[in-house]
Amino acid sequence: MRTDTDRRLDAHPFGIGFTAPLILASVLNPINSSLIATAMVGIGVDFHRGPADTAILISVLYLCSAVAQPTMGKLGPLFGERRVMIAGIGLVLTAGVIGAAGWSFGALVASRALLGVGTSAAYPMAMSLIRKRSDAAGVGVPSRILGVFSITGQVIAMVGLPIGGVLTGVFGWRAVFFINVPAALAALLLVLTGVPKDTVAWPTDLRRTLTAVDPLGIVAFAVAIVSALQFIDSPSASTWWLAAVTVAATAVLIGWERRFSTPLIDVRMLVSNRPLIRTYLRQTLASLGMYTTMYGVSQWMEDAAGYRPTQVGMLLAPMSATSIVVAAVCSRRSTVRSPLIATGMAFCAAGAVMLALRHDAPVWAILAMSLLVGLANGLNSFANQAALFMQSPADQVGVASGLYRTFAYIGAITSAGLIAAAFGSRATDAGFHVVGWATMAIGLCAATLTLTDRTLPRHA
């Protein structure tokens, strides 16, 4: 017999009480990626560390997140999505306390590592819970909700640096860590009151459950991802051994996962699900294009064109604003295929504009390039996430969503190596044009990948 609660859920399956905690918990990862930037100098001064040393505070969060996102997706069906999300929030709370205390530089590194793991629970758990609820309500792809996640991510990317600047300027760098304490408490309260209790019972046979978690697969995946990202970040003759470790760990991972009954990465499913692989590749390309242009343009504007940091921020603000507006429009129209094709074309157009720019270029030309990059990011943001939602098996959407974030990290870190190769010790017009050619190539690959994918639907 159906209850009044069941009927209300059928009528409004994605009310604010359910979606607000998922969104708040999910933004803790991206906002912590950007908040730290404004605190780096102060941390270096207090602990007598140079930029090369403090950079680990950025990389450790990316590395831990890249491994933890799909791992958390694996834990959800075994222990319950709500429980895993609460555990992740607990780690964020602990990390905030440790970082705010900041008794040593090692404590800050540990705090950032815990933040990387803890904040990784929310997004895969949110996607898994949304998929379960949409299937139960029979509403198909919840375009409006996916659009809210996309738009929120864009807003956080835009306001993260200013918030970090205010916190650091007014309260000092410890505030960048401490802000996680009230944020985690708020997220915890909302999850406890808004997310229904797990239908999965707590495992009685923990040994069997821990075996089902696939610890060997997690270790092999971690070694493969960390060594790959480290090599991509600093490719040189002295780091080629990392490439060898990556290949070996990947071979072990594939061999083990093909035979294991409950693998972390379902290799057989991925091999048979080529549309999902294309979606991951598109996300890598989109992330690579976005971060290459964003960081490449900002460095060029300061070093070659002579703009001050505040002016750079103002000229690049339309990029974020355009992304937000375009993502909102795409989510309302529920279109998938055409925005993904246009994503590649927009990157190509942005790259072409870069090739025409010199250090004395007019402001309107820089704004045009900024708008094109924002257009590309906004088009991809909702459409590719909707494709992921449709292509992932219902019982594996948590792991699939975690891998989606991992592939985005690969693109982001690859962009750092690309920019370093293009600019060398200083950003110049010639180096900026190399970035432009690279952006055009990225756009061409993204467009081709979508045009040749006949399985991609026009609408969600």
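Keep in mind that glycine also has a Cβ here, set from the backbone N, Cα and C atoms.
Model, not experiment: these values are computed from the prediction.
Annotated features in TrEMBL:
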type	residues	note
DOMAIN	18-455	domain 'Major facilitator superfamily (MFS) profile'
TRANSMEM	21-43	transmembrane segment
TRANSMEM	84-103	transmembrane segment
TRANSMEM	109-130	transmembrane segment
TRANSMEM	142-165	transmembrane segment
TRANSMEM	171-192	transmembrane segment
TRANSMEM	213-232	transmembrane segment
TRANSMEM	238-256	transmembrane segment
TRANSMEM	312-331	transmembrane segment
TRANSMEM	338-357	transmembrane segment
TRANSMEM	363-382	transmembrane segment
TRANSMEM	403-424	transmembrane segment
TRANSMEM	430-451	transmembrane segment
Out of 21-43, 142-165, 363-382, what stretch is closest in contact terms to the transmembrane segment (171-192), meaning most Cβ pairs under 8 angstroms?
21-43
Could you tell me whether the transmembrane segment (142-165) and the transmembrane segment (403-424) have 3+ CB pairs under 8 A, leaving out pairs under 6 positions apart?
no
With a Cβ cut-off under 8 Å, give me the same-chain residues at least six positions beyond the ends of the transmembrane segment (430-451) that come close to it.
278, 281-282, 285-286, 288-289, 292-293, 296-297, 300, 304, 337, 340-341, 343-355, 357, 376, 380, 418-419, 421-424
Give me the mean pLDDT over the domain 'Major facilitator superfamily (MFS) profile' (18-455), rounded to a whole number.
90
